[in-house]
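These notes are about the structure you will find just below.
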Amino acid sequence: MSDFDEFERQLNENKQERDKENRHRKRSHSRSRSRDRKRRSRSRDRRNRDQRSASRDRRRRSKPLTRGAKEEHGGLIRSPRHEKKKKVRKYWDVPPPGFEHITPMQYKAMQAAGQIPATALLPTMTPDGLAVTPTPVPVVGSQMTRQARRLYVGNIPFGITEEAMMDFFNAQMRLGGLTQAPGNPVLAVQINQDKNFAFLEFRSVDETTQAMAFDGIIFQGQSLKIRRPHDYQPLPGMSENPSVYVPGVVSTVVPDSAHKLFIGGLPNYLNDDQVKELLTSFGPLKAFNLVKDSATGLSKGYAFCEYVDINVTDQAIAGLNGMQLGDKKLLVQRASVGAKNATLVSLPSTINQTPVTLQVPGLMSSQVQMGGHPTEVLCLMNMVLPEELLDDEEYEEIVEDVRDECSKYGLVKSIEIPRPVDGVEVPGCGKIFVEFTSVFDCQKAMQGLTGRKFANRVVVTKYCDPDSYHRRDFW
């Protein structure tokens, strides 16, 4: 055998040997993988048995399943409690924290009107994948509702402090049962002493609205005027008027209704108290407003009112309409459109036959006595300003003009016009006092001078006590 044949035989043997080893390794690896699969299968079987056993133990220990259970892997398991919390609606049908006094529909209406940013309360995702809803701005200090939580208060007592004003309104709110939560409803007070008004800020919109019922309340002798601020914008779905009536408080705003009365033909020199005394002879008033000139502050000769007892409305119309006051005749009727045509058939016929005897200061007619008890001293008001009395020459001219005019009605005995003094509060400064020799002459002067104009100002008159006049007690 040649060397080449020997070499080729050797190669074939080596190849056969390698093929045998490869087949052996494949069979061994296949058996190993099969054993591994069997071991893993047995392990899974054991785990499944353990899980099923543990699940059965948990079901035996747990309470009976309620609604909310679900089927999984052929068995029943309880829904985790934290999943139930995720289902609670917080911001769509329930008012968020800070908006407890607003119904869900009102809250949605405010969102639609742009008064609450719709995106401000949208859930955001944390890096862990959890949904977190931002906390909404609470009502207290919220700029969203600040306009609706403020009230203008006019005609405040001179020199009143912010603390006293806050204490007064907080006390009145509690006494009237108008607070909605413990604590003080008034958060802040701002007073403008120069212009004699203040602004109140409340903690909630509803308490602000209810505080409107105190319009006309007396505070330290002053009838407060309560209004909404000029920048007030009504909130959607919320009432603008209070739902309560505070006994004894006569509001200065008379809302439109079938019971609102118009009183025309009033003498211009009558003030609020005089007209109210005329009207309250039929019953207590719920609201009253004497319309005045914004420039002079004097009456325009007509007013509006509403009675607490609506049943006396027609009686007041029957008793006051056509009444003669001085040189004027009253026109009293319902202010609402169409309501003034309401018939009075159901009223007793004796109403029109009964004269109304009233005691109204400043009036004089067959039914109304003027100025209380007449005296020989007449007080003239709204004629001069204190600064107009500083100049001696101008002062003497005023005295002379008053004397000349009053002498037309009778013999003038004396005239007193208190003048201002620097650093001293002078009693009666700005008023003019005229003493006649008889009460009769003084009455004639009052009739002739009341309602006249002096320096383009309407003259207002009243009687003065002679003893006080002689003591120079001009308060």
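Cβ coordinates come from backbone N, Cα and C, glycine included.
Swiss-Prot records N6-acetyllysine for one of Lys70, Lys87, Lys225, namely Lys70. Residue counts of the domain 'RRM 2' (259-337) by helix, strand and coil are 22 helix, 29 strand, 28 coil (DSSP-based). Just so you know, of the recorded positions Lys15, Lys276, the Cβ with the fewest other Cβ atoms around it within 10 Å is the one at Lys15. The CA atom of Lys15 (SUMO2 cross-link) is located 131 Å away from the CA atom of Lys276 (5-hydroxylysine). Residues in the domain 'RRM 1' (149-231) partition by DSSP class (helix H, G, I; strand E, B; coil) as 25 helix, 25 strand, 33 coil.
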